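S.K.: Before I ask anything, here is the structure I am working with.
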Amino acid sequence: MKENRKIIHIDMDAFYASIEQRDNPKYKGKPLIVGGDPNRRGVVATCSYEARKYGIHSAMPSLTAYKLCPKAIFIRPRMEVYKKVSRQVMNILNEYSNLVEPLSLDEAFVDVSKSKRCKGSATLIALEIKERIFKEVGLTASAGVSFNKFLAKMASDFRKPDGITVITEENSKDFIRKLPIGKFFGVGRVTKNKLNNIGVFKGEDLLGFSEKELIGILGDRGKILYEFARGIDNRQVNPYRIRKSIGKEITLREDIEDIEEMIEILDKIAERVSESLCLLNKKGKTVTLKVKFNDFKHITRSITLEHFLKEKKEIMECVKDLISIVDFKNKKVRLLGITISSLEENIIIEEREQLSFDV
């Protein structure tokens, strides 16, 4: 007998920026950018919907964002606050199912297949969750409801912000057929271009290719796309998902104090970290810089983006932002390190369009 799964994907709307607008009424309705200082080689962690109208997006250099919208308000992230709010949201989700899989601070899958809440209706549960998040946390969330993780995630992005989309087995084929290939989960600029070159622009175009043909063009990720195009995704909601990190550090032969020299070394470290991410089929949201001084004391500085990254160029944009806020106190440095955490399995190994630095 076929399992009747009911999966909800909850995605908070412009999470960090929305928290700042909630806590600071003067920011409401204004283009707000959470991230680094545009005068210090910063990077955008996230931005409000008012800022997005100007073409600003996560992982964009702050200087570029400033040029697009000079009147934008730039503020530093308050990660401890965001983590606290995230726990509030996750606590609400856990009241509806013991199968909750957080993907990051601002999104999670919820398997309500066996839930008796709201008469067992996944749609009503999703609406109730959205209402509770708004009343209890003061933020909006978008929800996708479907019979597997791929479709639930695609659905949550369909009517942002503060929307809900339900994809049933009956309407799933039509939804997938019309879905632009660049919107498919994990399809980035490079994969999109490869598929466009063979005449694939929407989900329906994928149906004209066999699994073998897609694997020949895209490797293992061709199999994933073949299945996604047919509404197939058998991945389970995993509440025990282990958060791991990937990092590299170098102890220097001689202590240094020149920032440009540090940047050169960090660039090499970022390259090794990026290679490891690719080899392990991973992407991450949090970039952490570690600096150990010649008195053996060390500090770390982190930034968490809204979207996942793996490329060296993207990592270095964050690292340059982080090193700009380190107070060296005239001390020399003996060790440098970079760690990427909040990892997601990179099902299709390509950078996503919104993470491109080609601005």
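Any Cβ shown, glycine's included, is placed from N, Cα and C.
OK, Swiss-Prot features for this one:
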ACT_SITE  Glu107  active site
BINDING   Asp11, Asp106  Mg(2+) binding site
DOMAIN    7-188  domain 'UmuC'
SITE      Tyr16  site 'Substrate discrimination'
S.K.: Using DSSP and three states only, what is Tyr16 (site 'Substrate discrimination')?
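M.R.: DSSP call for Tyr16 (site 'Substrate discrimination'): helix.
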S.K.: Roughly how many Å separate the Cα of Glu107 (active site) from that of Asp11 (Mg(2+) binding site), to the nearest whole number?
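M.R.: Distance between the two Cα atoms comes out at 4 Å.
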S.K.: Whole-number answer please: how many Å between the C-alpha atoms of Asp106 (Mg(2+) binding site) and Tyr16 (site 'Substrate discrimination')?
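M.R.: Given the Cα positions, Asp106 (Mg(2+) binding site) is 9 Å from Tyr16 (site 'Substrate discrimination').
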S.K.: The domain 'UmuC' (7-188): mean pLDDT?
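M.R.: Mean pLDDT across the domain 'UmuC' (7-188) comes out at 94.
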